[in-house]
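Below: one structure, written as structure tokens.
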Amino acid sequence: MNEIEVDNLSHTNKNVATDNINNNNNDIELETIPNDSNNSNNNNNNNNNNNNNNNNNNNNNNNSNSNDIELETEPNNSNNNNNNNNNNNNNNNNNNNNNNNNNNNNNNKNENNNKIKNEKINILLSIKLYFIQYFKKWKGGEKSPVRADLEEIGWSWLSSFIGILVLALLHYRVTVEKETIFLLGSFAASAVLIFGAPKSPLAQPRNLVLGHIVSATVGSIIRVALVYTNAQTEVACALAVSLAIVGMHFTKSIHPPGGATALICVMSAEQRWRGFYYIFVPVASGSLTMLLTALIVNNFARKRKYPVFWW
């Protein structure tokens, strides 16, 4: 009995122990269940907090980004404004430069126009002054020389008569049968100088002889050219006289009748001389004859002395 009781007691004790253990387990489970719910709640809360924190962080990041963007855009806007201002200033400067250039161009044009006007005015004034001075020359200004006395007039008549008479005798009595001439119209003009104004530089032996020879040479060249080129006679006449004057200038033998000597050679219809024969007869021979007559006749006069110079 005792063993059976002991076994029953042990079974009961075991049952009690198991019950206690079960109760304890239930208690533990009951305790752990709330803990799990709390943990889940806490986890949820933590997750929510994390989400909130993330959201806050995101918001902060967004805010910071927006602030950064604003900070970035603000300098960019300011830079753009500065660039725009600089561009405007540059445009204004360019406009000012263009205006200045236009003003300078206008000023230059005005200056050029003024210069042209002034030049025209100066040209007109110079032309006016030139013609004023030109027509003033027509007035002369010097007194005319006094008339020669009767003695001088008498000797001029006598010497010129003798000089032309000698040439006429040679022309009509000596050379006419040989179809040559000895008397030219230009010798009459030479007679006026060497017999009427023997003191004139144009009447001296160099001028008388060399002037006629140079002019005859020019006239002969022009006449030969006229024959072979069929040039205009009018031009040939003008060239003969003008070139004869140039030749006399170069040889210091200006003698006004020399121009007539050159002209006669070109205008003569009947050419009684061939080639350059005209230079020797009648020009050189006639001028030397007149020189000899002047030397003889002029020096008979009391107040005359001929020549003043020879060469």
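Note: Cβ is positioned from N, Cα and C throughout, glycine not excepted.
Marked as compositional bias 'Polar residues' by Swiss-Prot: 9-18.
The compositional bias 'Low complexity' feature in Swiss-Prot is assigned to 37-67 (among others).
Here Swiss-Prot flags 76-111 (among others) as compositional bias 'Low complexity'. Applying DSSP to the compositional bias 'Low complexity' (76-111) sorts its residues as follows: 36 helix, 0 strand, 0 coil.
Residues annotated as N-linked glycosylation site in Swiss-Prot: Asn8 (among others).
Feature annotation from Swiss-Prot assigns N-linked glycosylation site to Asn35 (among others); the stated evidence is sequence analysis.
If you look up Swiss-Prot, you'll see Asn38 (among others) marked as N-linked glycosylation site.
Taken from Swiss-Prot, the feature N-linked glycosylation site applies to Asn62 (among others), supported by sequence analysis.
What Swiss-Prot records for Asn76 (among others) is N-linked glycosylation site.
Per Swiss-Prot, region 'Disordered' is recorded for 1-113.
As annotated by Swiss-Prot, transmembrane segment applies to 150-170 (among others).
The transmembrane segment annotation in Swiss-Prot covers 181-201 (among others).
Within the same chain, residues 186, 190, 193-194, 236, 239-240, 243-244, 247-248, 251, 253-255, 257-259, 261-266, 268, 271, 275-276, 278-279, 283-284, 286-288, 290-291, 294 sit at least 6 positions outside the transmembrane segment (208-228) and bring their C-beta atoms closer than 8 Å to a C-beta of that stretch. Look at Swiss-Prot and you will find 208-228 (among others) tagged as transmembrane segment.
Residues annotated as transmembrane segment in Swiss-Prot, with sequence analysis given as evidence: 235-255 (among others).
According to Swiss-Prot, the transmembrane segment annotation covers 276-296 (among others), on the basis of sequence analysis.
Away from its own ends, the transmembrane segment (235-255) comes close to residues 190, 193, 202, 206-208, 210-212, 214-215, 217-219, 222-223, 225-226, 261-263, 265-267 of its chain (Cβ-Cβ under 8 Å, at least six residues beyond either end). Residues of the same chain lying 6 or more positions beyond the ends of the transmembrane segment (150-170) and with a Cβ under 8 Å from any Cβ of it are 182-183, 187-188, 191-192, 194-196, 286, 289-290, 293-294, 297-298, 300-304.
Sequence-distant contacts of the transmembrane segment (181-201), counting only residues of its own chain at least 6 positions beyond either end whose CB sits under 8 Å from a CB of the stretch, comprise 156, 159-160, 163-164, 167-168, 170-172, 174-175, 207-208, 212, 255-261, 264, 272, 281-283, 285-287, 290-291, 294, 297-298, 304-308.
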